[in-house]
Amino acid sequence: MAAPVRLGRKRPLPACPNPLFVRWLTEWRDEATRSRRRTRFVFQKALRSLRRYPLPLRSGKEAKILQHFGDGLCRMLDERLQRHRTSGGDHAPDSPSGENSPAPQGRLAEVQDSSMPVPAQPKAGGSGSYWPARHSGARVILLVLYREHLNPNGHHFLTKEELLQRCAQKSPRVAPGSARPWPALRSLLHRNLVLRTHQPARYSLTPEGLELAQKLAESEGLSLLNVGIGPKEPPGEETAVPGAASAELASEAGVQQQPLELRPGEYRVLLCVDIGETRGGGHRPELLRELQRLHVTHTVRKLHVGDFVWVAQETNPRDPANPGELVLDHIVERKRLDDLCSSIIDGRFREQKFRLKRCGLERRVYLVEEHGSVHNLSLPESTLLQAVTNTQVIDGFFVKRTADIKESAAYLALLTRGLQRLYQGHTLRSRPWGTPGNPESGAMTSPNPLCSLLTFSDFNAGAIKNKAQSVREVFARQLMQVRGVSGEKAAALVDRYSTPASLLAAYDACATPKEQETLLSTIKCGRLQRNLGPALSRTLSQLYCSYGPLT
């Protein structure tokens, strides 16, 4: 008789380790689906992530280690768990028993952004999800602004130059190359910890930033006395700020620790031609030949904005391979009529003007070059003429029209020689990115006037088109794709609603569709502070509130 087959004991499948959390998330998802709220997607993603987690969770705060669990959702779970325990339910959240109660309505809007990844876990004693590292520029900025906030004689804000100087005073010896590329100041602005107002920019702490800065000061053992209540602290009570953090802040602002200064006779003015103007077919190589024929000192390099700029290049640099260069306050964008026509059709026209106005150079020239017959273009001549007129009257550009490429080269040669005479005898000094220049300061009071200019590296790096963008920047670009939304209108919209989630939450809070259509109509836009208007507000509400396909 054959021996009986011995079968191993079958391992039972584990029960759901967090049934209460699963039940509550399911309830909230179903309720959001019934009310047609977009938070249903947040709950669904969190529910899927929770079901894959094999271990029990004791609180909603512990669920933050899972994907798609943000501060708002974890707080909702903790509040629901507390209500469950108060009503006599099991104390363990993984108990199968629970209480069926509707989700708190006041918290649904808080999880609009809960699917965003948490950048850092808080340390002991900290609240919230963001806690800047000890050797980070963000920590330095918060502490410096906190000192200014505590100063009874201060303005409770700092300009960018003042902010850089305060950080440099805390660590005057910065090792070259020790800066990291993470833009600390921009990160704090996006986290709504630092507020930027006015022009030139002023930086101050928001209520959330003030709370975090106070906890940072307490964590470092700083009291009200040694945090400093004045702009100048005693030497023995200064807080040590890491050198790398100060260098990181300087790198983010696009400045050098030692400003570049070029005295008369130590530099030459030359024309920089974008490499895109020299490649390709047609008449592009002819431009360089014309410049050479006119004996214009020029160089060809990659420009991220504009087609022509002028730089003051150091003549006797310490490093011949890397001479110091300062960008003069003039930039030229060249457009042939056929290129102007195509750029208007595909939207590049508005975007290029918007980027030119933000490049840091104040004297902008729009060079329009005739090319062939106007009747062969895709747009009528009146449309092109109106676009050029708007560029001059509304955008404030200087518009120059030329007959052909030879006349364009002659105009560039004339500008080059004019700038060489204009800056002759001037002392040039670099300035931080984002601060206004003063090319005419001291022209009447000093035989050697001082001009503050951007370095070429800062100018070109600040104009990169495809650099990493925040949600706010992407949202602004998305709004500008809507017909009628200019750069100024998009800026006004993102000042009120910085993310799509905040705009959708505002739409969800409206009682009627009519209220949704007029939600944005009273937002002030532009220098004249005119209303956005009901027509554009209705268009945007249809775009963001329609669940079906747009018609």
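Just so it is clear, glycine is given a Cβ too, placed from its N, Cα and C backbone atoms.
As the structure is a computational prediction, the values presented were derived from the model and not from experiment.
Taken verbatim from Swiss-Prot:
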- D274: active site (ACT_SITE)
- E277: active site (ACT_SITE)
- D307: active site (ACT_SITE)
- 84-93: compositional bias 'Basic and acidic residues' (COMPBIAS)
- S95: phosphoserine (MOD_RES)
- S101: phosphoserine (MOD_RES)
- 131-230: region 'Winged helix domain (WHD)' (REGION)
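Secondary structure at D274 (active site), as computed by DSSP, is strand.
Annotation for D307 (active site): same-chain Cβ neighbours under 8 Å, separated by at least 6 residues, are V273, D274, G276, E277, V332, E333, R334, L367.
Set side by side, the active-site residues D274, E277 differ in how many other CB atoms lie within 10 angstroms of their CB, and the most is found at D274. Model confidence over the region 'Winged helix domain (WHD)' (131-230) stands at 69, taken as the mean pLDDT rounded to a whole number.
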